[in-house]
Amino acid sequence: MSEIGTGFPFDPHYVEVLGERMHYVDVGPRDGTPVLFLHGNPTSSYLWRNIIPHVAPSHRCIAPDLIGMGKSDKPDLDYFFDDHVRYLDAFIEALGLEEVVLVIHDWGSALGFHWAKRNPERVKGIACMEFIRPIPTWDEWPEFARETFQAFRTADVGRELIIDQNAFIEGALPKFVVRPLTEVEMDHYREPFLKPVDREPLWRFPNELPIAGEPANIVALVEAYMNWLHQSPVPKLLFWGTPGVLISPAEAARLAESLPNCKTVDIGPGLHFLQEDNPDLIGSEIARWLPALIVGKSIEFDGGWAT
């Protein structure tokens with residue numbers, strides 16, 4: 001595996017969305033279907049820095065920073081999932097994206113799947129990893145992080161940890177990567193949230209994870225897009241790592257059997273932020289998969305046969 005780069009070699013782009021500026025990466029040729037990269041919590045487009053260069057030679061790559069995150073504006077919002085839906089919907093329309101291939105992770109997956117369910121004719125493929133799915137009980141949440149996330153979801157304690165102590169950035173983020181993140185990388189992830197007042201999204205997201213039936217509205221929304229995924233023929237590319245967090249090897253095997261038109265790639269050792277452990281494999285396999293969306297052929301992936 002080559003050395004994992006820490007730089008962010010992309011010019012900034014901004015677009016006004018619902019009265020706020022959203023930052024995004026925009027590189028690659030303008031013809032053809034664009035590839036839309038969606039990050040989750042507590043990251044930004046920086047998460048895709050070593051993956052986009054594999055795809056950009058042949059496809060337009062767009063990677064926004066969700067509202068309140070990265071270099072995007074930080075309006076005074078509650079940062080419920082529905083707030084992110086409104087801003088992402090408006091972002092896609094502001095850029096005039098008629099059709100897209102989605103590359104999604106964490107809460108970016110929930111946003112992407114929810115958008116795809118509502119706009120199926122505009123989605124040409126979905127590459128996903130460590131995506132948001134219903135977690136029936138806390139017993140299915142990784143033991144090493146169970147108490148921490150239960151604390152995050154305890155009102156006063158959670159706000160103290162995430163807002164005041166910045167525990168999601170300083171604690172949860174590095175624990176969910178197999179390799180040690182460098183100080184340069186950590187500083188990139190810290191930069192948008194240096195002020196406690198800007199950390200509201202970091203607190204809201206773990207409180208909306210669909211675990212043990214709560215919160216009910218998010219559980220219903222996630223179940224709805226999971227039902228759609230199990231019915232839709234849209235090409236899917238699922239990356240998984242060992243041991244994983246949201247998607248274990250066993251869960252990946254079940255999804256490979258139950259999701260139609262789904263290819264899978266084993267990235268090797270990985271927890272939640274797979275992009276930080278094996279970005280070159282993820283990027284190269286996405287680049288190899290994209291032509292298959294047009295010609296419908298089978299490809300032998302480095303992670304094994306995928307058809």
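Using the three backbone atoms N, Cα and C, a Cβ is placed for every residue, glycine included.
The active site, nucleophile annotation in Swiss-Prot covers D106. Per Swiss-Prot, active site, proton donor is recorded for E130. Residues or ranges marked as active site, proton acceptor in Swiss-Prot: H272. If you look up Swiss-Prot, you'll see 34-158 marked as domain 'AB hydrolase-1', on the strength of sequence analysis.
Here the features listed in Swiss-Prot are painted onto the structure.
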residue: D106; record: active site, nucleophile; DSSP class: strand
residue: E130; record: active site, proton donor; DSSP class: strand
residue: H272; record: active site, proton acceptor; DSSP class: coil
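If you take the Cα of the residue listed as 'active site, nucleophile' and the Cα of H272 (active site, proton acceptor), they are about 8 angstrom apart, rounded to a whole number.
Across the structure, the residue listed as 'active site, proton acceptor' and E130 (active site, proton donor) are spaced 6 Å apart at their Cα atoms. The DSSP breakdown of the domain 'AB hydrolase-1' (34-158), given as helix, strand and coil counts, is 54 helix, 25 strand, 46 coil. Counting every protein chain shown, the number of other Cβ atoms lying within 10 Å of the Cβ of the residue listed as 'active site, proton donor' is 25. Within 10 Å of the C-beta of H272 (active site, proton acceptor) we count 25 further C-beta atoms, all protein chains included.
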